[in-house]
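Below is one structure, written out as structure tokens; the observations come after it.
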């Protein structure tokens, strides 16, 4: 395998011409582990940073992430480390798969050491206190570093099982897009490019809201017609909100929008779907979260997006109904009722002029 640097990339690299980029994934959850495994399988010099030293040592010995992906064997070349400085020094790309509530703190910690030419967020969420997207946080904490976001319908267990999947790398830098495609693209995992960073990021964050709604609906055994309404009205809400945030609503027609929405809303593998199902089955939020044992970004996103939508005067009835059900004790039937409000609005709203949406 030839030695290779990030800055050597000047054009897309064919799948059969892999060279050894140095990749680090920060965060040992299911998706971070899946992306690290893909990079290692593609021949990249790959590390995964995990806070707990014992867990990192166990992964290096067994090549299994027992907590998140116990049924899959990882590439033997993938190295787990618990030292953050070691993880980020002299690397070409840092992929950050840290929950949104800890994202900024980890970037602050790596700032003195980072020598990477690109930092890419894998996190689908919004920072609670500031309503900042992960790309905003990267720009604030690492202002000199090229950045991007990776998002799409990427259920980790399906990727690990080798099922054909795709994702989107969004960045203002063509070089960052090429580098991430080079590191992760394979015969079974296609990486598309985009320059609409906020659009791709919004799709990844907002769809978590509606996965919670679909999980609640599944617990009530809703029909296919109702599921279709949830999906399409969710897409309308997402596009309305995206326009107010300066994103291109047409981005939501791609993998990072409707693709991710469909996968997350229809899969029992989705954490947000699972927590919704638990809530619909009569459990409290605390009980559901404890039972899941992982972070469900959708719950935090519901709170943040509802507040921002009220501030911006964006009509988001499903999001409002979810908030009322989860935090105010309203009956889950309110979610279904939210689909039937507001008379005869246009079906495909995001193709209308903005003042008509």
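Note: Cβ is positioned from N, Cα and C throughout, glycine not excepted.
Residues 124, 207, 260, 270, 271, 272 are recorded by Swiss-Prot as sn-glycerol 3-phosphate binders, and the candidate that the same record lists for that site, out of 148, 152, 293, is 152.
Listed by Swiss-Prot as binding NADPH are 30, 31, 51, 124, 156, 271; the candidate from 75, 85, 297 that the record includes in that site is 297.
Its Cβ placed at the centre, residue 207 (active site, proton acceptor) has 32 other Cβ atoms within 10 Å. When Cα-Cα distances from residue 260 (sn-glycerol 3-phosphate binding site) are compared across the recorded positions 51, 124, 207, 271, 297, the shortest belongs to 207. The recorded positions shown are 152, 207, 270, 272; of these, the one with its CA atom nearest the CA of residue 30 (NADPH binding site) is 270. Nearest in space to residue 272 (sn-glycerol 3-phosphate binding site), taking C-alpha to C-alpha distance over the recorded positions 31, 124, 156, 207, 297, is 297. Sequence-distant neighbours of residue 270 (sn-glycerol 3-phosphate binding site) (same chain, six or more apart, CB under 8 Å from its CB) are 155, 211, 215, 263, 264, listed in sequence order. Within 10 Å of the C-beta of residue 297 (NADPH binding site) we count 23 further C-beta atoms, all protein chains included. Rounded to a whole number, the C-alpha distance linking residue 297 (NADPH binding site) with residue 152 (sn-glycerol 3-phosphate binding site) is 15 angstrom.
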